Amino acid sequence: MWIYEKRLQYPVNITKTDARIAKIIATQYGGPDGEIGASMRYLSQRFTAPNRVCMAVLTDVATEELGHLEMVSTIVHQLTANLTVEEIENQGFADYYVDHAVGIWPQSAGGIPFNSCEFQSKGDPVTDMFESMAAEQKARSTYDNILRVVRDIPEIADPIRFLRAREVVHFQRFGEALQSLQDQLNSKNFYQMNPSFDIGLTREPCDCQGECVQ
Amino acid sequence: MMGRNNCTCQGERSKAQLMETIGQSAFAAYDTLLYMDTHPQDQEAMAYYHKQAGIRREAMEEYARRFGPLTMDLIDETDCHSWEWMMQPWPWERSGKGRC
């Protein structure tokens, strides 16, 4: 269950349109390392998470990512508001415009539609947590690539810097969640063989805070 | 009708100031929430969470009373006969066109 909060996590107020930059930034909505993929990845992985640290971190980071995809969409929306057809053609936006006008639709900057193959939910906690940590670094790299293009435009660079900084924090939290998994490895060594499938689903999730030896 | 919508009396926080307070305290609270997920025994962090969550809640309630609700829970706080949930601006709108 989620309840909507009618505000952005960090303010976006873009006054000058630029369709070329909109197309680049839109990749962080529905591109391979975008916020939709991030949120869906963590929301999916959490069901086979074997301890409460991982359940909490995956749920709470996924929730924040929903706010981030709203921020990215808002940036794209404001960058493409009130464009003329001439501006759309001159700024390399005609191929997007013909299918969506200036509607928000999840695709990569290269035009590849979002699909769930952008992320994994493997049912193996260590595999999944490494996947999530890699995702945060890939998103951080993408924001770095975007920042090289927009760094002289403060009204765009400012919210992008905020989003980049959150990837760093999320990577840290997932790293700590991975540590909580690794701390359980010695008990029955069950992470060596797809534990959520073999053991986890029929067992109550571990209720300790990273210190159990079940 | 809510006569004082968008009006700020002396000593009151403006709509923008309130929104900034909400944004900052909500961010501080949520970032601390993520930290608590992996450091559940940190009493200092937990106290900081409660402090920031309190600032957020108080500012959200004042914002709802004076300008409109930001969540479903705060619709009851809004002193207005029109459906402010729908009337007030959505986050992607730049112009802030909605009002009571």
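Backbone N, Cα and C define each Cβ position, glycine as well.
A:Glu136 is the only one of A:Glu5, A:Glu89, A:Glu136 that TrEMBL places in the Mn(2+) site (with A:Glu35, A:Glu65, A:His68, A:His170). In this view, A:His68 (Mn(2+) binding site) is surrounded by 26 other Cβ atoms within 10 Å of its Cβ, with every protein chain counted. Taking 8 Å as the upper bound (exclusive) on CB-CB distance to chain B, the binding-site residues A:Glu35, A:Glu65, A:His68 give none.
The sparsest Cβ neighbourhood within 10 Å, among the listed binding-site residues (A:Glu35, A:Asp60, A:Glu65, A:Glu136), is found at A:Asp60. In the three-state DSSP scheme, A:Asp60 (Ca(2+) binding site) falls into the helix class.
Counting every protein chain shown, the number of other Cβ atoms lying within 10 Å of the Cβ of A:His170 (Mn(2+) binding site) is 27.
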